[in-house]
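Novice: A single structure is presented below for examination.
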Amino acid sequence: MADVSDITKEAETLNIEDEGSDSEEEVKSNRHQRQKKQNQTAKGKSVSKKKEKELAKEKDLRESTMRAFNTYFEAIYGQERWPKLLEALQKPGRHCCLVNRFCSEEATQATISQFPALERLDYISIPAFISSERFPQPPKDEKGVCMYYPLDAASLLAVDALDLKPNHSVLDICAAPGGKTLAIMQHLTSMGSTLTSNEIAPDRKRRLKQVVWDYVPKGKERDRIIVTSRDGTHWEEEERYDRVLVDAPCSSERHLLKDMTEFLKWTPKKTGNASKEQLKILKSAIMAVRVNGLVVYGTCSISTKENDDVIEKILKKSKINIEVMRREWAIGERTKYGWIVLPDDGHGWGPLFFTILKRLPDDDDSNSEESQTESDED
(Lines of atoms letter the chains of each structure in order from A; the text may use other names.)
(Lines give C-alpha, C1' and ligand atoms only; values in the text may rest on other atoms or scores of the structure.)
Protein backbone atom coordinates (compact mmCIF):
# COMPACT_ATOMS: atom_id res chain seq x y z
CA MET A 1 0.00 0.00 0.00
CA ALA A 2 1.32 3.38 -0.93
CA ASP A 3 2.22 5.77 1.77
CA VAL A 4 -0.23 8.60 2.30
CA SER A 5 2.56 11.10 1.96
CA ASP A 6 3.52 9.62 -1.41
CA ILE A 7 -0.06 9.88 -2.65
CA THR A 8 -0.21 13.50 -1.51
CA LYS A 9 3.05 14.29 -3.29
CA GLU A 10 1.80 12.60 -6.46
CA ALA A 11 -1.42 14.61 -6.33
CA GLU A 12 0.50 17.82 -5.78
CA THR A 13 2.71 16.91 -8.74
CA LEU A 14 -0.35 16.34 -10.94
CA ASN A 15 -1.88 19.64 -9.78
CA ILE A 16 1.35 21.45 -10.50
CA GLU A 17 1.48 19.92 -13.99
CA ASP A 18 -2.17 20.96 -14.62
CA GLU A 19 -1.52 24.46 -13.35
CA GLY A 20 1.63 24.57 -15.47
CA SER A 21 -0.42 23.67 -18.55
CA ASP A 22 -3.04 26.41 -17.85
CA SER A 23 -0.34 28.93 -17.13
CA GLU A 24 1.34 28.25 -20.47
CA GLU A 25 -1.88 28.99 -22.35
CA GLU A 26 -2.36 32.16 -20.39
CA VAL A 27 1.21 33.16 -21.09
CA LYS A 28 0.65 32.63 -24.81
CA SER A 29 -2.56 34.63 -24.62
CA ASN A 30 -0.92 37.42 -22.70
CA ARG A 31 2.00 37.42 -25.10
CA HIS A 32 -0.43 37.72 -28.01
CA GLN A 33 -2.25 40.59 -26.33
CA ARG A 34 1.00 42.38 -25.58
CA GLN A 35 2.15 41.95 -29.17
CA LYS A 36 -1.18 43.25 -30.41
CA LYS A 37 -0.89 46.30 -28.20
CA GLN A 38 2.66 46.87 -29.33
CA ASN A 39 1.56 46.66 -32.95
CA GLN A 40 -1.28 49.10 -32.29
CA THR A 41 1.07 51.45 -30.48
CA ALA A 42 3.58 51.25 -33.31
CA LYS A 43 0.80 51.85 -35.83
CA GLY A 44 -0.47 54.78 -33.77
CA LYS A 45 2.98 56.27 -33.66
CA SER A 46 3.27 55.74 -37.40
CA VAL A 47 -0.08 57.47 -38.03
CA SER A 48 0.89 60.25 -35.67
CA LYS A 49 4.20 60.79 -37.45
CA LYS A 50 2.41 60.76 -40.79
CA LYS A 51 -0.07 63.34 -39.51
CA GLU A 52 2.75 65.44 -38.15
CA LYS A 53 4.45 65.41 -41.54
CA GLU A 54 1.19 66.40 -43.25
CA LEU A 55 0.64 69.26 -40.82
CA ALA A 56 4.21 70.42 -41.22
CA LYS A 57 3.87 70.28 -45.00
CA GLU A 58 0.60 72.23 -44.86
CA LYS A 59 2.19 74.83 -42.58
CA ASP A 60 5.12 75.24 -44.97
CA LEU A 61 2.72 75.61 -47.91
CA ARG A 62 0.63 78.15 -46.02
CA GLU A 63 3.69 80.20 -45.09
CA SER A 64 5.22 80.03 -48.57
CA THR A 65 1.89 80.99 -50.19
CA MET A 66 1.47 83.91 -47.81
CA ARG A 67 5.03 85.07 -48.51
CA ALA A 68 4.40 84.95 -52.26
CA PHE A 69 1.03 86.69 -51.78
CA ASN A 70 2.59 89.47 -49.69
CA THR A 71 5.50 89.92 -52.08
CA TYR A 72 3.17 90.15 -55.08
CA PHE A 73 0.79 92.74 -53.63
CA GLU A 74 3.44 94.69 -51.78
CA ALA A 75 4.97 95.38 -55.19
CA ILE A 76 1.61 96.90 -56.25
CA TYR A 77 0.57 98.78 -53.11
CA GLY A 78 3.93 99.49 -51.47
CA GLN A 79 5.53 98.43 -48.19
CA GLU A 80 3.69 101.07 -46.19
CA ARG A 81 0.14 100.54 -47.48
CA TRP A 82 0.03 96.80 -48.11
CA PRO A 83 0.06 95.64 -44.41
CA LYS A 84 -2.88 97.97 -43.66
CA LEU A 85 -4.78 96.82 -46.73
CA LEU A 86 -4.14 93.17 -45.89
CA GLU A 87 -5.47 93.71 -42.36
CA ALA A 88 -8.61 95.37 -43.75
CA LEU A 89 -9.14 92.53 -46.24
CA GLN A 90 -9.02 89.98 -43.43
CA LYS A 91 -11.81 91.68 -41.49
CA PRO A 92 -15.49 90.74 -42.07
CA GLY A 93 -17.05 92.42 -45.08
CA ARG A 94 -19.41 95.34 -44.64
CA HIS A 95 -22.95 95.51 -46.04
CA CYS A 96 -25.56 98.12 -46.73
CA CYS A 97 -29.18 97.25 -47.47
CA LEU A 98 -30.58 97.97 -50.91
CA VAL A 99 -34.27 98.78 -50.54
CA ASN A 100 -36.41 96.83 -53.00
CA ARG A 101 -38.85 99.10 -54.85
CA PHE A 102 -41.02 96.11 -55.74
CA CYS A 103 -42.08 95.80 -52.09
CA SER A 104 -44.68 97.71 -50.15
CA GLU A 105 -42.91 101.00 -49.32
CA GLU A 106 -44.83 101.39 -46.07
CA ALA A 107 -43.94 97.89 -44.83
CA THR A 108 -40.31 98.28 -45.85
CA GLN A 109 -39.93 101.64 -44.09
CA ALA A 110 -41.51 100.22 -40.94
CA THR A 111 -39.02 97.35 -41.00
CA ILE A 112 -35.78 99.18 -41.72
CA SER A 113 -36.58 102.08 -39.37
CA GLN A 114 -36.07 99.64 -36.49
CA PHE A 115 -32.37 99.20 -37.30
CA PRO A 116 -30.07 101.22 -35.00
CA ALA A 117 -28.28 104.32 -36.30
CA LEU A 118 -29.89 103.95 -39.72
CA GLU A 119 -28.40 106.25 -42.35
CA ARG A 120 -29.01 106.60 -46.06
CA LEU A 121 -25.99 106.49 -48.38
CA ASP A 122 -26.43 109.78 -50.22
CA TYR A 123 -23.78 108.94 -52.82
CA ILE A 124 -25.86 106.02 -54.16
CA SER A 125 -28.63 106.99 -56.59
CA ILE A 126 -31.14 104.38 -55.37
CA PRO A 127 -32.24 103.93 -51.72
CA ALA A 128 -29.53 102.13 -49.74
CA PHE A 129 -28.91 102.33 -46.00
CA ILE A 130 -26.26 101.48 -43.43
CA SER A 131 -26.76 100.58 -39.78
CA SER A 132 -24.52 100.15 -36.74
CA GLU A 133 -25.49 96.46 -36.75
CA ARG A 134 -25.43 93.79 -39.46
CA PHE A 135 -28.68 93.47 -41.35
CA PRO A 136 -30.60 90.24 -40.66
CA GLN A 137 -32.13 88.08 -43.34
CA PRO A 138 -34.73 90.23 -45.11
CA PRO A 139 -38.41 89.67 -44.29
CA LYS A 140 -41.07 89.47 -46.99
CA ASP A 141 -44.10 91.68 -47.52
CA GLU A 142 -47.68 90.50 -47.94
CA LYS A 143 -46.93 89.58 -51.59
CA GLY A 144 -44.03 87.36 -50.56
CA VAL A 145 -41.39 89.75 -51.95
CA CYS A 146 -38.19 90.37 -49.97
CA MET A 147 -37.88 93.92 -48.67
CA TYR A 148 -34.15 94.56 -48.97
CA TYR A 149 -30.93 93.01 -50.20
CA PRO A 150 -27.68 93.20 -48.18
CA LEU A 151 -24.58 93.87 -50.31
CA ASP A 152 -21.37 95.86 -50.48
CA ALA A 153 -22.05 99.51 -51.28
CA ALA A 154 -19.21 99.51 -53.82
CA SER A 155 -21.30 97.13 -55.95
CA LEU A 156 -23.96 99.83 -56.23
CA LEU A 157 -21.38 102.32 -57.50
CA ALA A 158 -20.65 99.98 -60.41
CA VAL A 159 -24.37 99.91 -61.25
CA ASP A 160 -24.57 103.71 -61.00
CA ALA A 161 -21.64 103.86 -63.44
CA LEU A 162 -23.92 102.33 -66.10
CA ASP A 163 -25.88 105.62 -66.15
CA LEU A 164 -29.13 103.72 -66.65
CA LYS A 165 -32.26 105.19 -68.18
CA PRO A 166 -35.76 103.82 -67.44
CA ASN A 167 -36.27 102.31 -70.92
CA HIS A 168 -32.82 100.77 -71.46
CA SER A 169 -32.09 97.27 -72.69
CA VAL A 170 -29.39 95.91 -70.38
CA LEU A 171 -27.14 92.84 -70.28
CA ASP A 172 -25.65 91.64 -66.99
CA ILE A 173 -23.26 89.13 -68.56
CA CYS A 174 -21.90 87.54 -65.33
CA ALA A 175 -24.90 88.10 -63.10
CA ALA A 176 -24.72 85.69 -60.14
CA PRO A 177 -25.35 85.90 -57.26
CA GLY A 178 -27.84 88.58 -58.30
CA GLY A 179 -27.29 91.73 -56.23
CA LYS A 180 -26.30 93.88 -59.20
CA THR A 181 -29.13 92.44 -61.31
CA LEU A 182 -31.56 93.52 -58.59
CA ALA A 183 -29.93 96.96 -58.41
CA ILE A 184 -30.27 97.35 -62.19
CA MET A 185 -33.98 96.52 -61.96
CA GLN A 186 -34.45 99.36 -59.47
CA HIS A 187 -33.51 101.75 -62.30
CA LEU A 188 -35.53 100.16 -65.14
CA THR A 189 -38.90 101.65 -64.28
CA SER A 190 -40.27 101.74 -67.83
CA MET A 191 -42.21 98.68 -68.94
CA GLY A 192 -40.38 98.93 -72.28
CA SER A 193 -37.04 98.13 -70.66
CA THR A 194 -35.50 94.65 -70.49
CA LEU A 195 -32.72 92.98 -68.52
CA THR A 196 -30.86 89.86 -69.60
CA SER A 197 -29.11 88.28 -66.61
CA ASN A 198 -26.61 85.64 -67.63
CA GLU A 199 -24.76 83.02 -65.57
CA ILE A 200 -23.08 80.00 -67.14
CA ALA A 201 -22.45 77.97 -63.94
CA PRO A 202 -25.58 75.87 -63.14
CA ASP A 203 -25.42 76.23 -59.35
CA ARG A 204 -24.83 79.98 -59.55
CA LYS A 205 -27.61 80.33 -62.12
CA ARG A 206 -30.00 78.65 -59.66
CA ARG A 207 -29.00 81.18 -57.02
CA LEU A 208 -29.50 84.02 -59.49
CA LYS A 209 -32.99 82.80 -60.40
CA GLN A 210 -33.85 82.50 -56.72
CA VAL A 211 -32.94 86.15 -56.18
CA VAL A 212 -35.16 87.15 -59.11
CA TRP A 213 -38.05 85.08 -57.73
CA ASP A 214 -37.59 86.40 -54.19
CA TYR A 215 -37.27 90.08 -55.08
CA VAL A 216 -39.29 90.69 -58.25
CA PRO A 217 -43.02 89.92 -58.18
CA LYS A 218 -44.45 87.50 -60.69
CA GLY A 219 -46.07 89.15 -63.67
CA LYS A 220 -45.10 92.03 -65.95
CA GLU A 221 -42.11 93.11 -63.85
CA ARG A 222 -40.51 89.67 -63.74
CA ASP A 223 -41.32 89.07 -67.40
CA ARG A 224 -38.86 91.86 -68.31
CA ILE A 225 -36.00 89.79 -66.85
CA ILE A 226 -34.53 87.01 -68.98
CA VAL A 227 -32.22 84.63 -67.10
CA THR A 228 -29.81 82.77 -69.40
CA SER A 229 -26.82 80.45 -69.03
CA ARG A 230 -24.69 81.26 -72.06
CA ASP A 231 -20.93 81.43 -72.44
CA GLY A 232 -20.03 85.06 -71.82
CA THR A 233 -16.85 84.75 -73.87
CA HIS A 234 -18.86 84.05 -77.04
CA TRP A 235 -21.91 86.32 -76.94
CA GLU A 236 -23.49 86.18 -80.38
CA GLU A 237 -25.80 89.19 -80.24
CA GLU A 238 -24.10 92.25 -81.74
CA GLU A 239 -25.12 95.83 -80.96
CA ARG A 240 -28.15 94.56 -79.06
CA TYR A 241 -27.96 96.39 -75.71
CA ASP A 242 -27.81 99.99 -74.47
CA ARG A 243 -25.74 98.98 -71.46
CA VAL A 244 -23.64 95.94 -70.54
CA LEU A 245 -22.29 95.13 -67.09
CA VAL A 246 -19.29 92.80 -66.87
CA ASP A 247 -18.89 91.77 -63.24
CA ALA A 248 -16.08 89.46 -64.29
CA PRO A 249 -15.07 86.24 -62.50
CA CYS A 250 -11.87 87.11 -60.65
CA SER A 251 -9.36 86.05 -58.01
CA SER A 252 -11.46 87.71 -55.27
CA GLU A 253 -8.58 87.91 -52.80
CA ARG A 254 -10.75 89.01 -49.86
CA HIS A 255 -12.70 85.76 -50.10
CA LEU A 256 -9.52 83.73 -50.61
CA LEU A 257 -8.10 85.01 -47.32
CA LYS A 258 -11.14 83.58 -45.52
CA ASP A 259 -10.92 80.15 -47.21
CA MET A 260 -7.56 78.52 -46.53
CA THR A 261 -8.21 75.62 -48.91
CA GLU A 262 -8.71 78.03 -51.81
CA PHE A 263 -5.99 80.38 -50.62
CA LEU A 264 -3.38 77.60 -50.78
CA LYS A 265 -4.13 77.28 -54.51
CA TRP A 266 -3.20 80.92 -55.14
CA THR A 267 -0.19 81.71 -57.31
CA PRO A 268 0.75 84.82 -59.32
CA LYS A 269 0.08 82.73 -62.43
CA LYS A 270 -3.58 82.26 -61.46
CA THR A 271 -4.27 85.98 -61.57
CA GLY A 272 -2.72 86.07 -65.05
CA ASN A 273 -4.94 83.20 -66.19
CA ALA A 274 -8.01 84.95 -64.80
CA SER A 275 -7.18 88.08 -66.80
CA LYS A 276 -7.22 86.10 -70.07
CA GLU A 277 -10.78 84.94 -69.42
CA GLN A 278 -11.81 88.43 -68.35
CA LEU A 279 -10.47 89.91 -71.58
CA LYS A 280 -12.54 87.45 -73.64
CA ILE A 281 -15.73 88.36 -71.77
CA LEU A 282 -15.02 92.07 -72.13
CA LYS A 283 -14.56 91.66 -75.90
CA SER A 284 -17.97 89.97 -76.09
CA ALA A 285 -19.55 92.75 -74.05
CA ILE A 286 -18.18 95.44 -76.38
CA MET A 287 -19.55 93.53 -79.37
CA ALA A 288 -22.96 93.29 -77.68
CA VAL A 289 -23.38 96.98 -76.82
CA ARG A 290 -24.80 99.49 -79.27
CA VAL A 291 -22.86 102.43 -80.67
CA ASN A 292 -22.75 105.19 -78.01
CA GLY A 293 -23.70 102.60 -75.42
CA LEU A 294 -21.70 101.91 -72.25
CA VAL A 295 -19.91 98.85 -70.91
CA VAL A 296 -18.92 98.80 -67.25
CA TYR A 297 -16.15 96.31 -66.53
CA GLY A 298 -15.60 95.41 -62.88
CA THR A 299 -13.94 92.90 -60.57
CA CYS A 300 -13.57 92.44 -56.83
CA SER A 301 -9.87 91.70 -57.33
CA ILE A 302 -7.04 93.90 -56.06
CA SER A 303 -4.67 92.67 -58.78
CA THR A 304 -3.65 95.20 -61.43
CA LYS A 305 -3.44 92.31 -63.93
CA GLU A 306 -7.19 91.73 -63.61
CA ASN A 307 -8.09 95.42 -63.58
CA ASP A 308 -6.19 98.16 -65.40
CA ASP A 309 -4.11 95.69 -67.40
CA VAL A 310 -7.26 94.15 -68.90
CA ILE A 311 -8.48 97.61 -69.91
CA GLU A 312 -5.11 98.48 -71.40
CA LYS A 313 -5.17 95.32 -73.51
CA ILE A 314 -8.71 95.89 -74.77
CA LEU A 315 -7.86 99.48 -75.74
CA LYS A 316 -4.89 98.23 -77.76
CA LYS A 317 -6.48 95.14 -79.31
CA SER A 318 -10.14 96.01 -79.86
CA LYS A 319 -11.19 96.39 -83.49
CA ILE A 320 -14.19 98.34 -82.25
CA ASN A 321 -13.69 102.01 -81.36
CA ILE A 322 -13.98 102.51 -77.61
CA GLU A 323 -12.92 105.12 -75.10
CA VAL A 324 -12.63 105.29 -71.32
CA MET A 325 -15.18 107.56 -69.63
CA ARG A 326 -13.74 109.29 -66.55
CA ARG A 327 -15.88 110.02 -63.49
CA GLU A 328 -15.27 110.87 -59.85
CA TRP A 329 -17.00 109.02 -57.01
CA ALA A 330 -17.59 109.77 -53.34
CA ILE A 331 -15.58 106.79 -52.11
CA GLY A 332 -12.54 105.09 -53.57
CA GLU A 333 -9.61 106.29 -55.67
CA ARG A 334 -8.59 106.75 -59.27
CA THR A 335 -6.53 104.13 -61.10
CA LYS A 336 -4.83 104.34 -64.50
CA TYR A 337 -8.05 103.59 -66.41
CA GLY A 338 -10.77 103.35 -63.80
CA TRP A 339 -11.75 103.53 -60.16
CA ILE A 340 -11.16 101.22 -57.19
CA VAL A 341 -12.79 101.05 -53.76
CA LEU A 342 -10.56 99.44 -51.12
CA PRO A 343 -11.51 98.59 -47.52
CA ASP A 344 -8.53 100.34 -45.90
CA ASP A 345 -9.82 103.84 -46.72
CA GLY A 346 -11.92 104.12 -43.54
CA HIS A 347 -15.27 103.12 -45.06
CA GLY A 348 -14.61 99.37 -45.16
CA TRP A 349 -16.26 98.86 -48.56
CA GLY A 350 -14.79 96.79 -51.37
CA PRO A 351 -12.62 95.80 -52.92
CA LEU A 352 -14.23 96.70 -56.21
CA PHE A 353 -12.57 97.98 -59.37
CA PHE A 354 -14.59 99.30 -62.32
CA THR A 355 -14.09 101.17 -65.58
CA ILE A 356 -16.62 102.77 -67.93
CA LEU A 357 -16.08 102.15 -71.65
CA LYS A 358 -18.10 103.88 -74.37
CA ARG A 359 -18.55 102.32 -77.79
CA LEU A 360 -17.89 104.85 -80.53
CA PRO A 361 -18.94 104.78 -84.19
CA ASP A 362 -16.53 102.97 -86.48
CA ASP A 363 -14.22 105.18 -88.53
CA ASP A 364 -16.12 104.23 -91.70
CA ASP A 365 -19.40 105.22 -90.07
CA SER A 366 -17.92 108.56 -89.00
CA ASN A 367 -16.64 109.23 -92.52
CA SER A 368 -20.03 108.32 -93.96
CA GLU A 369 -21.75 110.73 -91.58
CA GLU A 370 -19.31 113.51 -92.50
CA SER A 371 -19.80 112.84 -96.22
CA GLN A 372 -23.56 112.91 -95.78
CA THR A 373 -23.31 116.21 -93.91
CA GLU A 374 -21.17 117.74 -96.69
CA SER A 375 -23.64 116.47 -99.31
CA ASP A 376 -26.55 117.99 -97.43
CA GLU A 377 -24.72 121.33 -97.20
CA ASP A 378 -24.10 121.32 -100.96
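From the backbone N, Cα and C atoms, a Cβ is placed for every residue, glycine too.
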Novice: Which of ASP152, ASP214, ASP247 does TrEMBL put in the same S-adenosyl-L-methionine site as CYS174, ALA175, ALA176, PRO177, GLY178, GLY179, LYS180, GLU199, ASP231?
Specialist: ASP247
Novice: Give me the non-local Cβ neighbours of LYS180 (S-adenosyl-L-methionine binding site): same chain, 6+ apart in sequence, Cβ-Cβ under 8 Å, ordered along the sequence.
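Specialist: Same-chain residues close to LYS180 (S-adenosyl-L-methionine binding site) (Cβ under 8 Å, separated by 6 or more) are SER155, ALA158, VAL159, ASP172, LEU245, ASP247.
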Novice: Report, as a single number, how many Cβ atoms besides its own are within 10 Å of the Cβ of GLY178 (S-adenosyl-L-methionine binding site).
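Specialist: I get 25 for this one.
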Novice: Mind checking which residues reach the compositional bias 'Basic and acidic residues' (49-59)? Cβ under 8 Å, same chain, six or more beyond either end.
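Specialist: Cβ under 8 Å, 6 or more out: 264.
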Novice: Going by DSSP, how much of the compositional bias 'Basic and acidic residues' (49-59) is helix, how much is strand and how much is coil, in residues?
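Specialist: Output for the compositional bias 'Basic and acidic residues' (49-59) reads 11 helix, 0 strand, 0 coil.
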Novice: Where the record says CYS174, ALA175, ALA176, PRO177, GLY178, GLY179, LYS180, GLU199, ASP231, ASP247 bind S-adenosyl-L-methionine, what is the longest distance in Å from one Cα to another among those residues?
Specialist: 20
Novice: What whole-number Å value do you get for the CA-CA distance of CYS174 (S-adenosyl-L-methionine binding site) and CYS300 (active site, nucleophile)?
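Specialist: Checking the Cα atoms of CYS174 (S-adenosyl-L-methionine binding site) and CYS300 (active site, nucleophile) gives a distance of 13 Å.
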